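S.K.: Structure incoming, see below.
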Amino acid sequence: MRAFVLLMVIACAYAQDEEAEAKAASVPQQIPKTCFGCMCEAASECDTKTGCLGDVCGPFRITWGYWADGGKPTLNNESPNAEGAWTRCVNDPFCAANAVQGYMDRFAQDCNGDGVINCDDYARIHYLGGYGCSGPLPPKYENAYKTCMSTFSG
């Protein structure tokens, strides 16, 4: 009987730990500045001059859909429906970072299965989208991101 009670206590403690870890893994966080910087570096080498290339714009290479999913932030409180509002935002590094934060708030998840949501997951979500972040990253993006993180974090 004693062994059974001990087993039940251990099982309950384990179940509570799993529940707490799952909850922690699903709570979006403020993205650290280093993470923003490394996502920007991986996306475009933080190129603020090029503007739009096809349907992607700005240093984070954001599409209209990404900006919309990120909450449609704008510069100077202009209407998100104003002509060109999205391109003005995503071509500005600070407004673009607000769109990235909004996108991560919406799609934050543990993409790599390590039990935590961190910059590695945000970088994957940023490039692969909120519904495909467990897929493979292109080597150029992944290598630029990892090099940046190893250089500037911790």
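Heads up, residue numbers simply count up from 1 along the chain you see.
Here the Cβ of each residue, glycine as well, is placed from N, Cα and C on the backbone.
The disulfide bond annotation in TrEMBL covers C35-C119, C40-C46, C52-C57, C89-C95. Marked as signal peptide by TrEMBL: 1-15.
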S.K.: Can you name the residues of this chain that are 6 or more positions from C95 (disulfide bond) yet have a C-beta less than 8 Å from its C-beta?
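M.R.: C95 (disulfide bond) has long-range Cβ partners P73, T74, L75, R88, C89.
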S.K.: Identify, among the disulfide-bonded residues C52, C57, C119, the residue whose Cβ has the fewest other Cβ atoms within 10 Å in this structure.
M.R.: C52
S.K.: Enumerate same-chain residues with a sequence separation of six or more from C35 (disulfide bond) and a Cβ-Cβ distance below 8 A; give 'none' if the list is empty.
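M.R.: Spatial neighbours, sequence-distant, of C35 (disulfide bond): N118, C119, Y122, A123, M149.
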S.K.: So of C40, C46, C89, which of the disulfide-bonded residues has the fewest other Cβ atoms within 10 Å around its own Cβ?
M.R.: C46
S.K.: Rounded to an integer, what is the Cα-Cα distance in Å between C57 (disulfide bond) and C46 (disulfide bond)?
M.R.: 11
S.K.: Using Cα coordinates, what distance in whole Å links C46 (disulfide bond) and C52 (disulfide bond)?
M.R.: 13
S.K.: Any idea what DSSP makes of C119 (disulfide bond), helix, strand or coil?
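M.R.: In the DSSP reduction, C119 (disulfide bond) maps to helix.
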S.K.: Roughly how many angstrom lie between the C-alpha atoms of C40 (disulfide bond) and C52 (disulfide bond)?
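M.R.: Distance (Cα to Cα, whole Å): 15 Å.
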S.K.: Using DSSP reduced to three states, classify C46 (disulfide bond) as helix, strand or coil.
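M.R.: Note: C46 (disulfide bond) is coil by DSSP, not helix or strand.
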